[in-house]
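Below is one structure, written out as structure tokens; the observations come after it.
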Amino acid sequence: MADFEELRNMVSSFRVSELQVLLGFAGRNKSGRKHDLLMRALHLLKSGCSPAVQIKIRELYRRRYPRTLEGLCDLSTIKSSVFSLDGSSSPVEPDLPVAGIHSLPSTSITPHSPSSPVGSVLLQDTKPTFEMQQPSPPIPPVHPDVQLKNLPFYDVLDVLIKPTSLVQSSIQRFQEKFFIFALTPQQVREICISRDFLPGGRRDYTVQVQLRLCLAETSCPQEDNYPNSLCIKVNGKLFPLPGYAPPPKNGIEQKRPGRPLNITSLVRLSSAVPNQISISWASEIGKNYSMSVYLVRQLTSAMLLQRLKMKGIRNPDHSRALIKEKLTADPDSEIATTSLRVSLMCPLGKMRLTIPCRAVTCTHLQCFDAALYLQMNEKKPTWICPVCDKKAAYESLILDGLFMEILNDCSDVDEIKFQEDGSWCPMRPKKEAMKVTSQPCTKVESSSVFSKPCSVTVASDASKKKIDVIDLTIESSSDEEEDPPAKRKCIFMSETQSSPTKGVLMYQPSSVRVPSVTSVDPAAIPPSLTDYSVPFHHTPVSSMSSDLPGLDFLSLIPVDPQYCPPMFLDSLTSPLTASSTSVTTTSPHESSTHVSSSSSRSETGVITSSGRNIPDIISLD
């Protein structure tokens with residue numbers, strides 16, 4: 001009864017392919033859906049199957065869930081006992097199909113004749129079996145001595161599954177193999193402590209469970225390499241693989257870039273429950289692969305840079321010896337190199353070097369920045385030298401001491417030149433080398449910059465002999481002014497600058513308004529308004545133009561005896577006859593001059609105003 005339950009559980013765990021093989025071996029219909037196939041297999045088991053069918057069930061189950069090396073040890077024992085031509089009629093051993101007939105699906109064994117002698121069956125099938133097994137390649141070892149290349153950004157903490165060969169278990173194209181591993185409580189604790197929650201509910205781990213695949217070659221350390229049609233399941237969940245790389249040429253099959261696989265998110269973080277990995281792939285002739293699982297700790301570029309600095313800086317004499325070797329004249333060559341020009345700019349970031357670095361395997365002197373190189377490989381690990389496009393692994397990187405000295409000595413140079421003796425000199429740009437000499441220009445400190453677009457500066461007669469240059473760019477760019485801005489001087493108009501037309505207002509708008517005070521000769525004032533031949537017409541106040549700003553409204557009122565009574569004239573001429581001097585009213589924005597004479601009542605004031613100091617507003621108050 002226990003055997004029946006065990007066989008029933010084995011059949012229930014079969015896939016469609018195993019069910020079809022079992023039903024075909026028993027001579028039953030093997031077409032249909034999985035549910036139908038499973039019901040037929042269980043019915044076959046309940047109806048009392050033969051021992052050969054039971055052996056076939058155990059064989060299929062052992063293929064699907066391989067256990068240990070005990071099966072292979074039993075395999076060699078069974079082979080030696082089965083193929084011995086002793087002619088004994090002993091019954092078939094339970095593991096016989098595993099050894100002999102698993103590669104021959106169509107055998108001459110009759111399932112319903114368990115009492116038939118096995119010797120005759122073996123004698124009939126011995127020859128063709130050996131003919132088919134002769135060209136088959138030898139079985140690779142289960143744990144080959146495969147070494148994987150070290151990954152600089154990962155420290156290996158423990159080995160969960162040693163490198164194990166992906167052995168072909170049948171002649172079918174697509175193969176599948178299962179692996180089981182368990183975590184210890186300490187390993188589970190380290191993984192949980194390193195967990196970090198990211199936005200979107202995602203989780204990231206610094207301590208990771210890493211799966212690696214490579215070719216089963218023992219000649220040299222192997223890089224990560226995936227077989228064709230790879231499919232990985234961890235605890236029954238499909239693991240997403242990296243995308244395909246673009247093919248280098250047309251017609252070449254696309255392959256995934258080889259890199260380690262972080263399966264931590266699908267692993268059961270428990271020491272009580274084991275984890276199962278299912279790997280299916282397409283077999284290739286002449287290529288065998290192996291897999292391994294590690295517990296690793298992920299590092300950052302800053303950590304690797306610190307480790308690189310701890311290795312120390314290479315002696316500058318090594319670089320000088322390399323320079324002398326490159327510049328040594330070759331007697332067989334007609335062309336000799338006398339100097340080497342090297343840039344101090346990083347070819348990766350196009351910036352000045354901070355930590356000059358290069359690989360020991362490189363033959364050039366040009367360095368690249370170590371921090372940028374590590375950051376680039378942290379995102380996409382290629383480890384290719386940006387100068388010569390050759391392999392530059394992390395283990396071969398060095399910090400150049402000579403370039404360290406050069407960067408510390410000159411901070412404003414981007415290129416240097418090495419001489420034959422190993423010395424160097426900076427290479428400055430031609431624009432800096434050619435300095436244009438010119439006469440110094442004197443700067444007028446008393447000048448100031450105003451908010452107006454134009455400024456007027458009036459110099460004295462002594463300063464007119466010199467040619468002063470005002471640098472408005474320097475004045476405007478300076479944030480702090482040492483001296484306060486000088487005040488503008490008032491310009492007074494002389495007698496010759498006054499208007500030659502008597503009694504006519506001259507108005508010319510100007511952007512600079514300078515108050516002026518003019519002295520008017522009393523002889524220039526007309527005795528009365530009757531001296532003018534032009535008849536005077538009274539102009540109403542509403543019709544006066546607004547273009548006459550800054551004028552005293554009383555000076556515009558006509559003083560004529562025929563229009564105004566004597567009492568009104570007396571009130572108007574009383575302030576004018578008080579004195580014959582000029583009264584000047586100035587303000588920051590307007591200036592006007594009122595001149596009066598005390599000759600008679602009919603006399604009036606003549607307004608003389610410069611065109612530059614007339615305001616724009618007439619006050620009626």
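Yeah, the Cβs are placed from backbone N, Cα and C, and that goes for glycine too.
Sequence annotations record features per position, and here Swiss-Prot assigns domain 'PINIT' to 134-299. The feature zinc finger is assigned by Swiss-Prot to 331-412. According to Swiss-Prot, the feature Zn(2+) binding site maps to CYS362, HIS364, CYS385, CYS388. Annotated phosphoserine per Swiss-Prot: SER476, SER477, SER478, SER499, in sequence order. Residues or ranges marked as motif 'Nuclear localization signal' in Swiss-Prot (evidence: experimental evidence): 484-492. Here Swiss-Prot flags 577-610 as compositional bias 'Low complexity'.
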Inset, instruction - Please determine which of the binding-site residues listed here (CYS362, CYS385, CYS388) has the lowest count of neighbouring CB atoms within 10 Å. - result: CYS388
Inset, instruction - Have a look around HIS364 (Zn(2+) binding site) and count the other CB atoms within 10 A of its CB, chains all included. - result: 15
Inset, instruction - Excluding CYS362, HIS364, CYS385, CYS388, please set out which residues of the same chain place their CB within 8 Å of the center of the CB atoms of the Zn(2+) site, keeping sequence order. - result: ARG358, ALA359, THR361, THR363, GLN366, VAL387, ASP389, LYS390, ALA392
Inset, instruction - Would you report the average pLDDT that the model assigns to the zinc finger (331-412)? - result: 89
